[in-house]
Amino acid sequence: MKGLLHFLLAKIILLALASSFVYCYEPSPLQDYCVATNETNGVYVNGKFCKDPKCVTANDFYTSGLNVPGNTSTGPGVKITVVDVKRMPGLNTLGVDIARIDFAPGGLYPPHTHPRGSEIFLVMKGKLFVGFVSSNEYNYTLFTKVLYPGDVFVFPKGLIQFHANIGKTNAVVIAATGSQNPGRIIIGNAVFGSKPLIDPKVLAKAFALDFNKVKYFQAVFS
């Protein structure tokens, strides 16, 4: 009987810990809203100080500009216009953000991950080739799709994904993530452009590359 009680107690503790781990990455709000402010005399929640609720206005939950095309003339031909907590303070603690992504013809959003949020795409214009790769649990399976206006595609949190404009015109996507700060890790930049750089010998062995090739990639990405 004593052993059974110990077993049940251990099980309850493990379940409680598991529940806390599930919610620790994006805490549930304990109030209706916590509008972010730069003032430091308020309550500190989710990395931001909360504005006095009596001073909150509708403008704290509003922004505009996603109708304006982004400049895609530099880099890989992609411009991301993000509405995050910096641009809309009322997003703080709400667990979402939204962005407009503009692609020039041939534009590419390189392989990357969002470590803190899943992402959903709504194609507004153009023709996009998108995909993501599963983890080792599912043998690094590649899932791809060609998307057209009105199509929706979702990318699971933390998995490597990419988006390419394969049409002859500009493409526009409205993207939302399940985090006010989903983070972004561009794979090439992280591996070959870290600060400080990863030892080239490590990367040469990991990717079965010539040492000089690794040095070249590091020069490109750093």
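First residue shown is number 1, and so on along the chain.
Every residue, even glycine, has its Cβ placed from backbone N, Cα and C.
In Swiss-Prot this protein carries:
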BINDING   HIS112, HIS114, GLU119, HIS163  Mn(2+) binding site
DISULFID  CYS34-CYS50  disulfide bond
DOMAIN    64-215  domain 'Cupin type-1'
CARBOHYD  ASN38  N-linked glycosylation site
CARBOHYD  ASN71  N-linked glycosylation site
CARBOHYD  ASN139  N-linked glycosylation site
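Here the features listed in Swiss-Prot are placed on the structure.
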residue: ASN38; record: N-linked glycosylation site; contacts (Cβ under 8 Å, 6+ apart): PHE49
residue: ASN71; record: N-linked glycosylation site; contacts (Cβ under 8 Å, 6+ apart): LYS79, ASP102
residue: HIS112; record: Mn(2+) binding site; contacts (Cβ under 8 Å, 6+ apart): ILE160, GLN161, PHE162, ARG184, ILE185, ILE186, ILE187
residue: HIS114; record: Mn(2+) binding site; contacts (Cβ under 8 Å, 6+ apart): PHE155, LYS157, GLY158, GLN161, THR177, SER179, PRO182, GLY183, ARG184, ILE185
residue: GLU119; record: Mn(2+) binding site; contacts (Cβ under 8 Å, 6+ apart): VAL154, PHE155, LYS157, GLN161, ALA175, ALA176, THR177, GLY178, PRO182
residue: ASN139; record: N-linked glycosylation site; contacts (Cβ under 8 Å, 6+ apart): none
residue: HIS163; record: Mn(2+) binding site; contacts (Cβ under 8 Å, 6+ apart): VAL78, ILE101, PHE103, LEU108, TYR109, PHE121, LEU128, PHE129, VAL130, VAL173
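A 10 Å cutoff on Cβ-Cβ distances gives CYS50 (disulfide bond) a total of 21 other Cβ atoms nearby, all chains included. On the 0 to 100 pLDDT scale, the model's mean across the domain 'Cupin type-1' (64-215) is 97. Within 8 A of the CB centroid of the Mn(2+) site residues HIS112, HIS114, GLU119, HIS163, the other residues of that chain are TYR109, THR113, PHE155, GLN161, PHE162, ALA175, ARG184. Residue environment of CYS34 (disulfide bond) contains 26 other Cβ atoms, counted within 10 Å of its Cβ in all protein chains. In the three-state DSSP scheme, ASN38 (N-linked glycosylation site) is classed as coil.
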